[in-house]
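*Asks:* Got a structure here, written out as structure tokens. Questions coming.
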Amino acid sequence: MRNLEDLIRDVGGDGLAQVMVIGLVNLLRATIGWSMMTMSFANFVPKWCCLPDNVTASSDQYCNENDNITDVVFAKKCWLNTTSCSNRVFTSGVRTVVNEWDLVCERKWMAPLTTSIQMGGVMVGAVLAGQLTDLFGRKKTVYLNGVCSAVFNIIAGFSPVWEMFVVFRFLIGMSIGGFLASCVPYTTEFILPSRRAIVSILPTFLTGVCLMALVAWLIPDWQMLHWICGSMTIPCLFGYFFIPESLRWLAVQGRVEEAHKVVEWIARRNRREVPKDTIDILKSVSVKTSSTTKRTQPTYIDIYKGWHLFKSSIILQFSWCALSMCGYGFSFGASAIGTNMYLNIFIFAIVGVPSFVITSTALQRFGRKKTSIFFLVLSSACAFGSVAMRLTMSTSDKQVLAGVVLNVLSRGFINCAWCGISITTNEIYPTVIRGLGFGASNVAARVGAVFAPFAINFEDNPIFALGLVGVTLLITATAVIFLDETSGKAMQDTITVPDQSTNGKNIELKVKQDNGHVIIADGTKGNDISTISGHVISDEKIACKLVSYVNFVAIDRKDSVSKHMK
């Protein structure tokens, strides 16, 4: 029996239809990248000093003149002798949330907390999106989060107090997490295995970060960055009306007619003919609900059922958490690494572009697992190299530059490794729980991102931060060894469950119809499951439960099950 991969290949797996879907979604993804990394600028601490009460000169003149004084503590100091400073002045032309609400000294903790709260929102959004994508569809979830991102960014720019700003950064984070958890499954379900690596790692997110850094350099104002981001997002939302829902999602939901229309949409734009067996293929993987058997919706518990899914889920989620903590630690700490904040943010983002070229080639040639392990080890080595330089060398300009280069390389290799892990996550889960699996991994990533501003703190303790990055990435590389290779394999649409009667052999339970009757069969061999290694299902309730578990065709006639299973 032909499957969805064959159907997509027949109607064109890399034509105009795929370009439209991938292009329109990635336009929106660029604005999400801008929105995510706005806090790397907004948390920047501008130049400031503490003025004594008896100062008569202008604040800018006084701070500039006394910046290098060593016998009197003025520049960036919270205390004058034993008295807390009550007259702080920010002299830079940069307008961030730090000088907007005086987030220094005793309020210093509020700046990194803002970023952590945003990442908490990203985590919540990923949790919700993982469920929503499988319940209501990929496209609706993607564009709903795009709408929320636009609205919340615009409102956040009007925040009169820090508390309101934090609330809307949390909501912005929810929209970011929801989008990132749903956009990759959505776009990759339209294409063939040979193109999944390239599509999954397109550097549009990083392109948005680069654009944000450029605009922040031209307009260094946190409010304007929010308003511009929200305004840029709005035109991208109209893509909703030009692209269809995921073909795979519609098929496994039993919405065969809608799935057939999507096949026609793809074929028409790719100038191909619709195969005659399209309906048969869609029905073979569809989920139907009959009046006698109620289909249960998958939940997050399903991604841990069976040893294979349990092991894969734990390793993938740990990897996402580790990569997120280390990667965002570099990105959010860009202002503390080197001398130019805008250039640092831009470099940390732009390094992802050559990473895309290198990684896409490596993923196709060497596979997902080997590529991920290789770049994890390289990134760890660069982090340890930067630690060694800080411990053994002086602070000359060349040595500082060398340290920055190693940091940038480490961040770039994290991008490369994350590409491999991301693709593996998307490919390892069946369609019925792919959104949940990808969403759970995104949740784990946001857990790491929540701790990133505190654990990977380059401003207060750069040596510890780099050492933690190196150790964490080495542990991650070791864990990835135990993942399965997914390169070149067709995406599964069903869940495989272990069969105890066949010594742990995984049997893919499918349902086929024969003259109005229903037979549970081994999906890998096309045989009646009752003939495999003496495995017999004679109990009608057990048979119905298995059908419900794998979310496949409901039973049209209950009395036929026992008869066919005897």
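Every residue, even glycine, has its Cβ placed from backbone N, Cα and C.
Bear in mind that TrEMBL entries carry predicted annotations, made automatically and left uncurated.
What you are looking at is a predicted structure, and each value in this text was computed from that prediction instead of being measured.
Residues or ranges marked as transmembrane segment by TrEMBL: 16-37, 142-162, 168-186, 198-219, 225-243, 314-335, 341-361, 373-393, 462-483. According to TrEMBL, the feature domain 'Major facilitator superfamily (MFS) profile' maps to 26-488.
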*Asks:* Would you mind listing the long-range same-chain contacts of the transmembrane segment (462-483), meaning Cβ under 8 Å and 6+ residues beyond its ends?
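*Replies:* Residues 311-312, 315-316, 318-319, 322-323, 325-326, 329-330, 333, 336-337, 368-369, 372-373, 376-377, 379-381, 383-384, 386-387, 390-391, 407, 410, 414, 417, 421, 424, 428, 455-456 contact the transmembrane segment (462-483) from elsewhere in the chain.
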*Asks:* Let me spell it out: take the transmembrane segment (314-335), skip the flanking residues so only those 6+ beyond its ends count, and list any with a Cβ under 8 Å from a Cβ in it.
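*Replies:* Here the qualifying positions are 37, 39-40, 43-45, 115, 119, 209, 341, 344-345, 348-349, 372, 379, 407, 410-411, 414-415, 417-418, 421, 424-425, 428, 437, 440-449, 451-453, 455-459, 465, 469, 472-473, 475-476, 479-480, 482-483.
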*Asks:* In terms of Cβ proximity under 8 Å, which residues at least six beyond the ends of the transmembrane segment (168-186) contact it?
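*Replies:* Residues 21, 25, 28-29, 32, 35-36, 39, 114, 117-130, 132-133, 138-139, 141-142, 144-146, 148-149, 152-153, 155-156, 159, 200, 246, 422, 426, 434-435, 438-439, 442-443, 446.
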